[in-house]
Amino acid sequence: MQRLQICVYIYLFVLIVAGPVDLSENSEQKENVEKEGLCNACTWRQNTKSSRIEAIKIQILSKLRLETAPNISRDAVRQLLPRAPPLRELIDQYDVQRDDSSDGSLEDDDYHATTETVIAMPAETDLLMQVEGKPKCCFFKFSSKIQYNKVVKAQLWIYLRPVKTPTTVFVQILRLIKPMKDGTRYTGIRSLKLDMNPGTGIWQSIDVKTVLQNWLKQPESNLGIKIKALDENGHDLAVTFPGPGEDGLNPFLEVKVTDTPKRSRRDFGLDCDEHSTESRCRRYPLTVDFEAFGWDWIIAPKRYKANYCSGECEFVFLQKYPHTHLVHQANPRGSAGPCCTPTKMSPINMLYFNGKEQIIYGKIPAMVVDRCGCS
């Protein structure tokens, strides 16, 4: 009997001593599991962020129909950018990304970017344009962005050098044609007279929409144009071939085009901020820096807020389609789990150089994640 009591005391002593140790170990193990879970979540989120950046680079090139990023250096951009009013307005009043998250709508737009403005710089002169032993300005080539869209406006911009005294300037735009029997090589497009005062040079725009439309219908008739801006003394003030200190003063075409309006559809989803403690599917902030890529061919924006989706998806949590949960309940082993994906995206406007060194202003669809959900 005494021996039995001793055994009981020993057993109770072991329980008393071992109990706290066991609880302490369980607590420590739980804490380690939680820390490991947080580390795994951070790693997963970082991988998702990196994948999102790479996907954005691929999407931009694909949506702009570019096989590779245009090889245009920062110095080349400075030389090619016209110092002209229309471009300055685009840059100064640039709307980096539209804030329309409040209406819950999502444009049912095409995959590719839609063009709004094209700034075409003079291209290399064709042999047919060799007149009097030297090339004449200017010859413009047009990409499919102009050819397959409706032209709303077309302006030829020319820069007139400053004058020392008040003078009247006669501006004439001529279109090069195939030589006629009488030797005629040019036919008039537009002419105007304007008064200039001493001071800085000025930009002058001329409407060439009709001419451009004819060129698009009959590409073989596009042999180029000649620009003259003579003052009262017969001096040509038009900058056609920029000299020293005249970078960015080339003539150029500003063409505005329009696309078919797109329909809209309604879409709603969870939108969480970066400070949320929610561990499940949500949106996280992500800023894409084009300069960090070395993409100097993008004029604006230099960076934009793209955002990305990350987090866990349970079968009953914010599923995009109600039948997803029912399918899983019917066959839990045979159905894949829902994924955390964007449920609402919006476009960004972009000003960039294409492969032909033309400046394009357009809209790229589905580049900003506004909301995330499980589907």
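Including glycine, each Cβ sits where the backbone N, Cα and C put it.
For 1-18, the entry in Swiss-Prot reads signal peptide, with the evidence type sequence analysis. Look at Swiss-Prot and you will find Asn71 tagged as N-linked glycosylation site. Annotation source Swiss-Prot lists disulfide bond at Cys281-Cys340, Cys309-Cys372, Cys313-Cys374.
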Fewest other C-beta atoms within 10 angstroms, as judged across Cys281, Cys313, which are the disulfide-bonded residues:
Cys313
Counting Cβ atoms within 10 Å across all protein chains shown, which of the disulfide-bonded residues Cys309, Cys340, Cys374 comes out on top?
Cys374
Which residue, of the recorded positions Asn71, Cys372, has its CB surrounded by the fewest other CB atoms within 10 A?
Asn71
Alpha-carbon distance [Cys340 (disulfide bond); Cys372 (disulfide bond)] in Å:
7
Going by DSSP, give the three-state secondary structure for Cys309 (disulfide bond).
strand
Measuring Cα to Cα, how many Å separate Cys340 (disulfide bond) from Cys374 (disulfide bond)?
5
What is the interatomic distance between the Cα atoms of Cys374 (disulfide bond) and Asn71 (N-linked glycosylation site), given in whole Å?
39
If I take the Cα of Asn71 (N-linked glycosylation site) as reference, which of the disulfide-bonded residues Cys281, Cys309, Cys313 has the closest Cα?
Cys309
Cα of Cys281 (disulfide bond) to Cα of Cys309 (disulfide bond): how many Å, rounded?
7
